[in-house]
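A.B. asks: Got a structure for you, questions after.
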Amino acid sequence: VLQSSNSLKASYEDWLLTYGLSVSPFHLRWQTALFNRQFYNWGRWKPKFLYLWFSIGMVFGIVAMFGSVILLGKTLLQTLTQMLTEAPKAQNDRMLQVVVSVPSLGLCLGAVPGVNLPVSQLTYFFSAILISGVIHEVGHGVAAIREQVRFNGFGIFIFIVYPGAFVDLFTTHLQLISPVQQLRIFCAGVWHNFVLGVASFMVLFLLPAILFPFYYTGVGALVTEVAEDSPANGPRGLFVGDLVTNLQDCPVYNVEDWNSCLGDISEKSQVGYCVSAATLQQLSFPARVYRRLDGTVECCSNNSLTDICFSYSSKLDSHLYACLPARKVIEASKVCRTNMDCHKDFGPSFCVTPSLENQTRLIRVKHPPHIDMLYVGHPMHLQYTVSLSSFVPRQNFLSIDLPVVIETFCKYLISLSGALAVINAVPCFALDGQWILNSFLEATLSSLIVEKQNRELVGFLILLAGSALLAANVALGLWMVTAR
C-alpha cells in the first residue's frame, strides 16, 4: 500500500511538472513557455523606442517610489487623526474616502469581496485585477528582454481568491547588468500599470464620442435596473428603459446630474408647491394633528397611501397643517420655498410643504411619457437601488447594458491598476519597490558609500520602515472595512 501511494504521488507530481502547475495551501500557480516567442518579438521591436519607453518608465518608477511613501504617510496620519478626534458619525462619513483613496491594500482594501463589494461587481473586480497583473508582468518581461536578460517563462497564479501573474527571469543575468538597466526592468511594471490606468481613463472620458454612432447622450438618465426592494419599484414607479429627465425642478441630462440632484435634495430642506387658496380649501379635510418622536408634525391617517400632511403659513398663522392628496397637489404645481414665490403667477396662493420625518423627502421624478413618480423616503435609498446609464440606444436592438459594462470595467481598471502601481512602488520587502530601491541606491550611492555592505544596510533600514508603513496602512484599512 505504501509503495502504491508513493507511486501515485510521484505520478501526480510528474503530471503537475509536465503542465507547469504548482499547488500549495491557498496558492495555485501555472507557468508556461508558450508565450516566450511573443515576448521576444515584443522585446526586440523598435529597440530605440523601447529604450526611450522604459527610460521614461524608470524615471516614473523612481518618482512613484518616493511619492508612494509620502502618500501612505499622509494617509496614515489622516486616518489616525480621524480616529482620535472625530465623532463616530464623522468617521463613518469619511471612512469610505480613506478606504478608496488609500491604495494601501492595493488589491483588497479598496474593495473587499464579501464585505463591501456587491456580488454583481465580482466579475469586474477579479477581471481588472488579472488584467492589471498581466500588463504589469508584460512590462517586466519585455524590459528584461530589451536589456538582454534571459526570459524563462510567464505564468498566472491564484492566491486564496485573488488572481495574478508573474514572469520568470534568469537571476544571474539580472545581477550582471548595470543598476540603471535593472531599474528599467524593475520600474517597467509600475510604469505599465500607470499607462493602463491612463488609457482606461481616456476610454472612459471619450466613451460618448466612441459610442456616438450607436448611443446618444445628454437627454436624460436611462434606467437599467431597479432593485426588487427599491421604493421606486411598483406600478407607479420606475421601469427598465425609462428615461429620467427631472428630479423636482432639477434637470437631469445624465447620471452625474441624477447623483448631483439627489445630493442637493438630501442636503437642502424640502421644497414646497404652490396651491391656490380655493384648491387648498377644496382638497383639505379635517384631521388630528400630532407630533412625531423627532419633533415633526403628522396630520394624516397612518393607513393613507395617497395623502400627505402639508404645512403652510398665512398672514394670521405661521403653523397651519392640511392633509392633502399628494398627486393632486403636486401635479402641474410650481415648486416654491415661500408664499412670495407663488404670488407672482397666481392669485391668493400658499406654498405648502410636505411635513415629513427628518431626512425624508418627497421627490417628484419625471420620466416621460409616463406619469410622474412620487417618491417618499431618503434620497440616498433611491440612489442606491436604481441603476442608470447616460447612454440611450439609437436602435431598439442595441443593449442598454453595454455602455454601463464598459464604464464600470474602465473604473475598476483605473482604480486597481493605479493601486497596483502605488503598492509595488513602495520600498517594501517582496515588492517591486525593494528592487527599485536597491538598484537606485547602487546607481546613486556607489561613490558616496564605497562599501557595498553599508549600502545594503541603508537599503535594509529603508525597506524596514517602508514595510512597517505599508503594514500599518493595511492593518488599519482592514479594520476600518471589516469592523465598522
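Cβ atoms are placed via backbone N, Cα and C, with glycine included.
Predicted automatically and left uncurated, TrEMBL annotations should be read as such.
Sharing the features that TrEMBL gives for it:
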DOMAIN    124-464  domain 'Peptidase M50'
TRANSMEM  50-73  transmembrane segment
TRANSMEM  121-139  transmembrane segment
TRANSMEM  151-170  transmembrane segment
TRANSMEM  190-212  transmembrane segment
TRANSMEM  412-437  transmembrane segment
TRANSMEM  457-481  transmembrane segment
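Can you tell me where each of these features sits in this structure?
C.D. replies: Proximity of distant same-chain residues to the transmembrane segment (50-73), defined by a Cβ-Cβ separation under 8 Å and at least 6 residues beyond the stretch ends, is recorded for 43, 102-104, 139, 142-143, 146, 180, 183-188, 190-192, 194, 421-423, 425-427, 432-433, 436-437, 440, 466, 469-470, 473.
Taking Cβ pairs closer than 8 Å, the transmembrane segment (121-139) reaches residues 39, 42, 57, 107, 111, 113, 154, 156, 161-167, 188-193, 196, 408-409, 412-413, 415-417, 420, 424 in its own chain, all 6 or more past its ends.
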A.B. asks: Average the per-residue pLDDT over the domain 'Peptidase M50' (124-464) and send me the rounded value.
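C.D. replies: Here the mean pLDDT over the domain 'Peptidase M50' (124-464) amounts to 91.
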A.B. asks: Of the stretches 151-170, 190-212, 457-481, which racks up the most C-beta pairs under 8 Å with the transmembrane segment (412-437)?
C.D. replies: 190-212
